[in-house]
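For T117, D172, D200, A201, the entry in TrEMBL reads S-adenosyl-L-methionine binding site. Residues or ranges marked as compositional bias 'Basic and acidic residues' by TrEMBL: 151-162. Annotation comment: TrEMBL describes 141-162 as region 'Disordered'.
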Amino acid sequence: MAVPIRLLFRRVFRFSHRNINVDSSGVAGGFICSCRPSSCRCFSDSTTERSTHFGFETVPEAEKATRVYKVFENVAQKYDVMNDAMSFGIHRLWKDALLHVMHPQPGAQLLDMAGGTGDIAFRFLEYVCFQQEKRRRRAARSVQAPSWQHLEPDTSAGKEDGPVRSRAVVCDINKEMLSVGKQKADGMGIHEGLSWVVGDAEELPFDDDQFDIYTIAFGIRNVTHIEQALQEALRVLKPGGRFICLEFSKVTNPLLARIYDAYSFQAIPVLGEVIAGDWKSYQYLVESIRKFPDQEEFKQMIEDAGFYCVQYRNLTAGVVALHSGFKL
């Protein structure tokens, strides 16, 4: 009887060693458990994928980007109409507020990430043109009535005097959204200083230190790895460049919060079905807002990515928050 027992122990021992292999770093290779004070998430490093949220649904991380792409592919043609319907046109005021915070000057280089239909880029170019016209009028007045500075000898001869032209790059992972934006630009006669690029917020197709301003409006909550997107924003900004994010957030007024929740879940998907013929996409959009970090949490994420002087401003009692920060 002793021999069979010893044989049984040997088999159990060999079986356990086959399933728990320790690599050179001393980590067991079968299952990995990442534990935090509030939760414990276990996953296999070989067969089981990490999970994330798609609205209120839990999905594999690798699947989220594809599903988000499908959402915006479905709603692209009616996206702007739905924005007006859902917000009663208030989204236009939120975007105007972003431009006033940005206050771009002639020569500024903008990257508008998740900019699909071009709303931010169009406003940027219009704002810069207005600033250029102000400078021209000021220069014309100074020629007519020169100040004492202009009476000094001109020492600028020989210096290059070619101002850098402003440029807006609209980058979006969704080709259908960019196509709608291009059609709008053509209809508005906007061609100069504007380009359209297909790109992923988590892996931008641009070199380091390229832009003065990075904006993302109502897009970052759809990114699978927000931290990675923030790191990429930091990378492509020039030193001193500015990050500006406009996103739905946590309503600060309790009464408004109840009304907002009722409207979001009971009315917006219905509007989506009636106007865009797509209930599920707008159900996801409503749910994704509730899964996004609140104002202070997102501010901390931006700071952790390496930005400084990070601040935010609540719009419409926190329905939307406008975060900004600078690159050193």
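Cβ coordinates are placed from backbone N, Cα and C, and glycine is handled just like the others.
Annotated features taken from TrEMBL, shown on the structure.
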residue	record	Cβ neighbours (10 Å)
T117	S-adenosyl-L-methionine binding site	22
D172	S-adenosyl-L-methionine binding site	25
D200	S-adenosyl-L-methionine binding site	17
A201	S-adenosyl-L-methionine binding site	23
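The binding residues for S-adenosyl-L-methionine are recorded as T117, D172, D200, A201; their greatest pairwise CA distance is 16 Å.
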